Amino acid sequence: MAKELKFSEDARRALERGVDTLANAVKVTLGPKGRNVVLEKSFGAPTITNDGVSIAREIELENHYENMGAQTVKEVATKTNDVAGDGTTTATVLAQAIFKEGLKNVAAGANPMILKRGIEKAVQKLVEEIKELSKPVEGKEAVSQVAAISAGNDEEVGKLIAEAMEKVGQDGVISVEESKSMGTSLDVVEGMQFDRGYLSPYMVTDTDAMEASLEDPYILITDKKISNIQEILPLLEKVAQSGKPLLIIAEDVEGEALATLVVNKIRGTFNCVAVKAPGFGDRRKAMLEDIAILTGGQVITEDLGLKLENADISMLGRAHKVTVTKEDTTIVEGAGDSKEIQNRIKQIRTQIENTDSDFDREKLQERLAKLAGGVAVIKVGAATETELKEKKHRIEDALSATRAAVEEGLVAGGGTTLIDAIPALDELNLEGDEATGVDIVRKALEAPVRLIADNAGYEGSVIVEKVKSEDKGIGFDAYNGEFVNMIESGIVDPAKVTRSALQNAASAAAMLLTTECLVADKEEDNDSNGNAGMPGGGMPGGMGGMM
């Protein structure tokens with residue numbers, strides 16, 4: 001396909017128009033008095049959101065050149081969201097500010113490659129300063145504040161997330177699901193839970209709740225299919241003599257083996273529950289190993305040269321309690337060695353850091369949570385489907401932001417930290433266009449505070465100058481229209497969010513500034529592609545002549 005090209009100033013101006021289109025759509029949502037954006041859906045109700053990345057993802061421009069600029073800034077929002085879970089609007093605003101300020105200097109003759117170097121050095125210095133300004137998150141109250149702000153000043157959501165994090169710990173899994181009721185609630189599952197239930201309803205111990213509860217049971221863990229009772233008979237006899245119940249986790253238990261276990265349960269001779277092993281393939285082996293480490297048992301597998309017939313009672317795991325329902329099995333207080341469990345957790349953490357696949361990362365995170373803490377489910381309820389989607393989205397954002405805060409600490413919110421970090425740039429002794437690059441960043445750092453004030457109906461430039469003249473940590477509370485100590489007032493941002501927004505914005509803006517040529521597909525002109533080579537009626541006329 002033929003290509004069209006644009007060069008130098010033309011190219012950069014086209015990119016600027018694209019950046020502005022996307023950034024202006026996202027900008028309206030910034031701050032406590034920011035507005036919402038309504039996104040049309042191909043089917044169903046439209047989505048109403050104030051989440052920067054959701055808006056950015058919907059934007060695709062008709063003009064190829066402008067679209068390149070818009071897509072580059074969209075990536076800034078997406079990357080910030082992936083890393084920190086929030087701060088997407090701030091990142092977009094910073095990218096636009098750095099790019100526009102940089103364009104003026106490039107047009108005035110500055111070398112974009114040297115400017116880029118100056119911008120990078122400025123950002124490096126600012127990241128160090130943000131680290132210095134951050135304060136660790138301590139206590140449930142602080143966690144609750146961060147979550148509430150990220151969820152659009154919703155204190156109820158803040159409390160729920162703080163409670164969930166307190167119960168399952170930093171490594172626990174907190175998932176957000178839709179509730180069938182109007183209210184929003186929290187369910188916590190302690191211990192290790194996996195999604196496999198009993199193989200026969202005759203195994204239940206509580207017929208009302210249809211669940212089996214085993215107190216202080218032995219746990220047999222194997223990746224084999226058990227169909228012949230003779231394979232496990234010696235083991236069953238030893239467990240029966242101990243008077244303890246037994247949980248069997250195997251690839252499957254079927255035929256004669258299952259029938260024998262059920263008959264013994266009904267007669268009251270021996271209490272045993274069988275469940276299928278969780279997961280599939282290599283993931284199943286890893287999960288069985290997790291269960292073995294948690295309960296202090298061994299996986300009886302032929303990979304290790306172990307056979308069921310030769311298994312000893314010392315190879316079985318133990319737990320304080322096991323509850324099995326039709327769908328789930330929960331192991332509470334496994335008897336595994338805490339040192340072994342910690343080593344396993346470290347190993348899974350390393351795998352999480354090294355994996356490139358989002359799916360694998362999610363599954364590893366689940367395994368980590370099951371070993372380290374537990375699982376909490378926030379069930380979101382609302383009056384209408386549109387409100388439900390919006391609320392669920394807000395809670396997911398708040399959850400990511402809260403995790404980021406626990407990880408790297410908190411800084412003053414409302415763009416205040418970016419202005420507080422400006423004096424640190426004076427320590428950089430650079431010259432020429434590198435110094436200009438630093439000045440570009442210095443000016444761009446004012447953009448978030450200016451915009452928050454503008455969106456709340458105040459004069460942005462006046463507010464920026466006032467924040468600059470105040471002590472560090474004093475910022476503008478746009479909701480109440482007053483200058484306050486941001487951290488004491490609970491207006492805070494996770495340091496990771498502020499850092500990621502700045503790094504991603506500067507990276508994209510600097511790349512756009514160094515652009516000298518744009519190449520895009522040439523738009524097809526429908527008129528020129530018509531029947532130019534074959535005038536209308538030419539062929540029938542010719543045919544008539546031949547006849």
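Every residue, even glycine, has its Cβ placed from backbone N, Cα and C.
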According to Swiss-Prot, T29, L30, G31, P32, D86, G87, T88, T89, T90, D493 bind ATP; which one of G158, G169, G414, G432 is listed for that same site?
G414
Can you check which of 348-372, 523-547 Swiss-Prot lists as region 'Disordered'?
523-547
What three-state secondary structure does DSSP assign to D493 (ATP binding site)?
strand
Number of Cβ atoms other than its own within 10 Å, given for D86 (ATP binding site):
32
In whole Å, could you give the widest CA to CA gap in the ATP site formed by T29, L30, G31, P32, D86, G87, T88, T89, T90, G414, D493?
16
Please list residues from the chain of T29 (ATP binding site) whose Cβ is under 8 angstroms from its Cβ, counting only those at least six apart in sequence.
R35, N36, V37, T49, N50, D51, G52, I55, T89
